[in-house]
Amino acid sequence: MLSADFGHLDRDTRMIDESAAQWIHIDVMDGVFVPNISFGFPVMKPIRRASAKFLDVHLMIVEPEKYLRRFAEAGADLVTFHYEATQDPLGAIRMIKECGVKAGISVKPATPVEVLGELLPELDLVLIMSVEPGFGGQSFMEGSWEKVRRLRRMIDDRGLPVLIEIDGGVSASNAGDLFAAGCDALVAGSAVFGAADPKAEIVKMLEAQSSR
Ligand SMILES: O=C(CO)[C@H](O)[C@H](O)COP(=O)(O)O
Ligand SMILES: [Fe+2]
């Protein structure tokens, strides 16, 4: 939703609600963890009202523990915080689960996926950032391919039910290869909202999944 028109948030949320997209991705930025500020709870509530879809909340904030519960109460189905933003990732994961929602952790481009080894059994999802977090519309970072493949191996070798999500610079042109590399969920902002026909763009990306 970072690429939506916030003056027409209800309209844009309904458009995604009617589309083939399964999740709605909500980027929360605090101006401290990342050099940009997006929105918080008051903006999440109308999105929750306008759609029954799975709300995937990506927190790019410091001290996520302070706010996890409020995002769950605002209607999140999955709350993802950044590994780099907390001293106690395991505590944050458990806090999210106590709220009755799914727990995800995200890693910035420079953070190796291997740091997540011991946390994997506790997680529902790992979000690999394929751009520096903070802004939509950036180019996909090529180093992300190897991270996805390594994480896929780590998860499959242990038979864990953890999903891999990728975020940043995703479009119909790389969707097929991302599914093939092991991604379960793709986040696309500018590729969808910048398309002449956003719903058709979403279908194009999902159809690429058959190549996995
Ligand atoms: O977390 C994000 C930025 O920090 C966004 O989810 C991401 O950048 C999606 O936007 P785009 O598809 O335009 O790259
Ligand atoms: Fe995001």
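Including glycine, each Cβ sits where the backbone N, Cα and C put it.
Features as listed in TrEMBL:
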BINDING   His25, Asp27, His58, Asp167  divalent metal cation binding site
ACT_SITE  Asp27  active site, proton acceptor
BINDING   His58, Gly134, Phe135, Gly136, Gly137, Asp167, Gly168, Gly169, Gly189, Ser190  substrate binding site
ACT_SITE  Asp167  active site, proton donor
Rounded Cα-Cα span from Asp27 (divalent metal cation binding site) to Phe135 (substrate binding site), Å: 10
Residues that sit under 8 angstroms from His58 (divalent metal cation binding site) by C-beta distance, when 6+ apart in the chain: His25, Ile26, Asp27, Val28, Thr80, Ser106, Leu127, Asp167, Val187
Where His58 (divalent metal cation binding site) falls in three-state DSSP terms: strand
Near-site residues: divalent metal cation, ref His25, Asp27, His58, Asp167, CB cutoff 8 A to centroid: Leu2, Ile26, Asp56, Val57, Thr80, Leu127, Val187, Gly189
Of Gly137, Gly189 (the binding-site residues), the residue whose Cβ has the fewest other Cβ atoms within 10 Å: Gly137
Contacting binding-site residues for ligand 2, chosen from Asp27, Gly137, Gly189 when the Cβ sits under 6 angstroms of any of its atoms: Asp27
Residues flanking the substrate site, with Cβ no more than 8 Å from the Cβ centroid of His58, Gly134, Phe135, Gly136, Gly137, Asp167, Gly168, Gly169, Gly189, Ser190 and excluding those residues themselves: Leu2, Ser3, Asp27, Val131, Pro133, Gln138, Val187
Chain-internal residues, separated by at least six, CB under 8 A from Gly168 (substrate binding site): Met129, Ser130, Val131, Pro133, Gln138, Phe140, Met141, Ser144, Val187
Count of other CB atoms lying within 10 Å of the CB belonging to His25 (divalent metal cation binding site): 24
